[in-house]
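K.L.:
According to Swiss-Prot, the protein has these features:
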type	residues	note
TRANSMEM	6-26	transmembrane segment
TRANSMEM	35-55	transmembrane segment
TRANSMEM	66-86	transmembrane segment
BINDING	G76, T79	Na(+) binding site
TRANSMEM	100-120	transmembrane segment
Amino acid sequence: MVRESVLVMVGGALGSLARYWVGLGISQWAGAPPFLFGTLLVNLVGSFMLGGLFAWSVALRIDPALLLLAGTGFCGGFTTFSALSIECLVLLQKGDYPTAMGYLLGSLLGGLAAGWAGYLAAKAL
């Protein structure tokens, strides 16, 4: 139990740090806060990675410890449902309903598509 908890903690810390770096990169590249785009990017990339990890776990019988580190830990720390929720609420409070709905649908459908693409890509390797 302690070993597994440490694996999740280390993976989560690395995933959170990676998400922070993506946000910084988006801010520097776009010259604006990573609101919406940064969150969408990490959620889509994280869904792709988790889909691939799932495919490999089935095909290669990956050690459960690696799944805890990379899946629950890293992907869990890298992606962020809470930021998606708050960003949608901010858009709704501003009355920007089309952007809020587009962002929500794009995140959900894009996440499903990215997860499926990651799964298929990993199976093809």
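Think of each number as a place in line: the chain as shown, counted from 1.
Glycine too: its Cβ is placed from the backbone N, Cα and C atoms.
On a predicted model such as this, the values are computed, not experimentally measured, just so you know.
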K.L.:
According to DSSP, does T79 (Na(+) binding site) fall in a helix, a strand, or coil?
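P.N.:
Looking at the DSSP assignment, T79 (Na(+) binding site) belongs to neither helix nor strand, so coil.
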K.L.:
Tell me, if you would, which residue among G76, T79 (binding-site residues) has the fewest other CB atoms within 10 Å in the structure shown?
P.N.:
G76
K.L.:
Out of 35-55, 66-86, 100-120, which stretch touches the transmembrane segment (6-26) the most, going by CB pairs under 8 Å?
P.N.:
66-86
